[in-house]
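Trainee: Take this structure first; my questions come after.
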Amino acid sequence: MTTKSLGSFNSVISKNKIHFISLGCSRNLVDSEVMLGILLKAGYESTNEIEDADYLILNTCAFLKSARDEAKDYLDHLIDVKKENAKIIVTGCMTSNHKDELKPWMSHIHYLLGSGDVENILSAIESRESGEKISAKSYIEMGEVPRQLSTPKHYAYLKVAEGCRKRCAFCIIPSIKGKLRSKPLDQILKEFRILVNKSVKEIILIAQDLGDYGKDLSTDRSSQLESLLHELLKEPGDYWLRMLYLYPDEVSDGIIDLMQSNPKLLPYVDIPLQHINDRILKQMRRTTSREQILGFLEKLRAKVPQVYIRSSVIVGFPGETQEEFQELADFIGEGWIDNLGIFLYSQEANTPAAELPDQIPEKVKESRLKILSQIQKRNVDKHNQKLIGEKIEAVIDNYHPETNLLLTARFYGQAPEVDPCIIVNEAKLVSHFGERCFIEITGTAGYDLVGRVVKKSQNQALLKTSKA
């Protein structure tokens with residue numbers, strides 16, 4: 001999960017200060033940025049300090065129990081720290097699908113907003129009475145909305161769709177976000193150009209299911225995402241384009257060809273596979289089989305040897321036998337996945353999987369997670385050792401979270417916030433964050449690489465070197 005306090009921005013009103021906390025995924029962060037943009041446009045002022053805020057907006061995640069527990073912890077903290085008469089507004093997925101879990105805090109909450117109702121943030125904080133507005137619609141249907149970026153200046157997320165057509169047995173997202181609603185091409189192009197004109201160097205396309213983009217706008221069975229990529233890549237400018245959240249059967253041959261041929265489209269995909277055993281995949285109501293997954297991975301790595309693949313898997317799905325888990329462990333051990341997120345199955349109410357027999361004990365799930373983590377760590381160690389001595393082009397992100405004596409950087413195989421990074425311990429040549437430099441890899445630290453800047457990039461454009 002990602003926890004992000006949105007930064008301070010200039011405004012003209014000093015007594016109407018707002019403080020945002022955005023929990024969960026990058027899609028939630030974009031929603032928070034839209035709400036922040038609406039309030040700044042109305043004349044409110046953002047503050048980094050909870051104690052200074054007149055309005056505290058908590059944008060929640062509800063995908064897993066752990067995410068809901070995090071939101072409750074933040075509510076307790078806000079209640080303890082906020083100044084007298086400051087109002088708390090809770091929005092996001094938790095209000096849409098788990099409002100009952102907020103009952104113990106309702107006397108402290110001024111307003112509830114559904115995850116699709118962010119355009120009502122102004123009326124929520126200005127309401128004299130406590131209340132709520134919760135629906136499954138989306139501000140995407142409104143067209144253009146204000147937005148205040150909160151990410152570092154050199155990268156930003158671009159949400160191209162809301163909702164999901166899939167019905168995975170373990171997932172509550174469709175019930176929260178509703179049906180698929182894609183932004184029209186002209187709206188996306190307008191937002192894209194705004195980002196490029198702001199000198200954003202890395203634009204990350206996101207949706208609940210990016211590969212389904214446009215399928216609600218057209219009866220054409222060809223990939224609408226591929227068409228969108230072609231249009232975006234026609235745009236002039238110095239930028240990288242990254243894709244997150246795709247199903248393996250949605251990555252067309254044309255998209256693969258673009259990754260290989262166009263230096264602006266990063267050879268990186270985030271594909272949540274969830275499992276590899278056919279019976280489990282069927283029980284999960286996934287759309288691909290083991291054979292299809294392996295065929296896709298083989299084709300992708302053959303056509304784009306330098307590609308980096310991120311994925312996620314679930315351990316302890318109801319009925320998962322030791323043999324079926326071992327099949328997953330063997331698959332992970334083969335090293336197909338570069339960056340892996342491993343999740344314990346969470347029994348979510350009102351999902352088909354919650355009603356399945358043979359729910360797996362927590363201790364067994366935790367043991368299986370530990371085994372997969374150890375396997376993936378060996379894969380990462382083996383790969384990272386091959387990179388020692390290599391000079392890799394990377395973007396300088398920020399200071400290291402633990403000390404300003406170190407910097408963090410990322411090369412094309414590392415997405416912000418979810419993947420490991422490069423820890424830079426020698427950076428005399430760096431003049432600003434967002435700059436692209438060549439970094440010599442000198443060592444490793446856990447999942448991260450360690451290196452020193454040896455020279456600046458000449459044309460500030462990505463050079464796609466082969467993977468080690």
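Yeah, the Cβs are placed from backbone N, Cα and C, and that goes for glycine too.
Computed from a predicted structure; not experimentally measured.
Swiss-Prot feature annotations, pasted as is:
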- Cys25, Cys61, Cys93: [4Fe-4S] cluster 1 binding site (BINDING)
- Cys164, Cys168, Cys171: [4Fe-4S] cluster 2 binding site (BINDING)
- 16-130: domain 'MTTase N-terminal' (DOMAIN)
- 150-382: domain 'Radical SAM core' (DOMAIN)
- 385-455: domain 'TRAM' (DOMAIN)
Trainee: Give me the DSSP three-state residue breakdown of the domain 'MTTase N-terminal' (16-130), ordered helix, strand, coil.
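Mentor: Grouping H, G, I as helix and E, B as strand yields 60 helix, 27 strand, 28 coil.
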Trainee: State the count of C-beta atoms found within 10 angstroms of the C-beta of Cys168 ([4Fe-4S] cluster 2 binding site), not counting that atom itself.
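Mentor: The Cβ of Cys168 ([4Fe-4S] cluster 2 binding site) has 19 Cβ neighbours within 10 Å.
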Trainee: Given the model, what does the mean pLDDT over the domain 'Radical SAM core' (150-382) come out as?
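Mentor: Mean pLDDT for the domain 'Radical SAM core' (150-382): 95.
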Trainee: If you count Cβ atoms within 10 Å of each one, which of the binding-site residues Cys25, Cys61, Cys93, Cys164, Cys171 comes out on top?
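Mentor: In terms of Cβ crowding, the pick is Cys93.
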Trainee: Run through the domain 'TRAM' (385-455) and tell me, per DSSP, how many residues are helix, strand and coil.
Mentor: 3 helix, 41 strand, 27 coil
Trainee: Could you measure between Cys93 ([4Fe-4S] cluster 1 binding site) and Cys168 ([4Fe-4S] cluster 2 binding site) for me? Cα positions, answer in whole angstrom.
Mentor: 17
Trainee: Which chain neighbours of the [4Fe-4S] cluster 2 site, leaving out Cys164, Cys168, Cys171, have a Cβ atom within 8 Å of the mean position of the site's Cβ atoms?
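Mentor: Along the chain, the qualifying residues are Lys166, Arg167, Phe170, Ile172, Ile173, Pro174, Gln208, Asp209.
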Trainee: Do me a favour and check the Cα-Cα span between Cys25 ([4Fe-4S] cluster 1 binding site) and Cys168 ([4Fe-4S] cluster 2 binding site); whole Å is fine.
Mentor: 19
Trainee: Going by C-alpha distance, which of the binding-site residues Cys164, Cys168, Cys171 is nearest to Cys61 ([4Fe-4S] cluster 1 binding site)?
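Mentor: That would be Cys171, the closest of Cys164, Cys168, Cys171 to Cys61 ([4Fe-4S] cluster 1 binding site).
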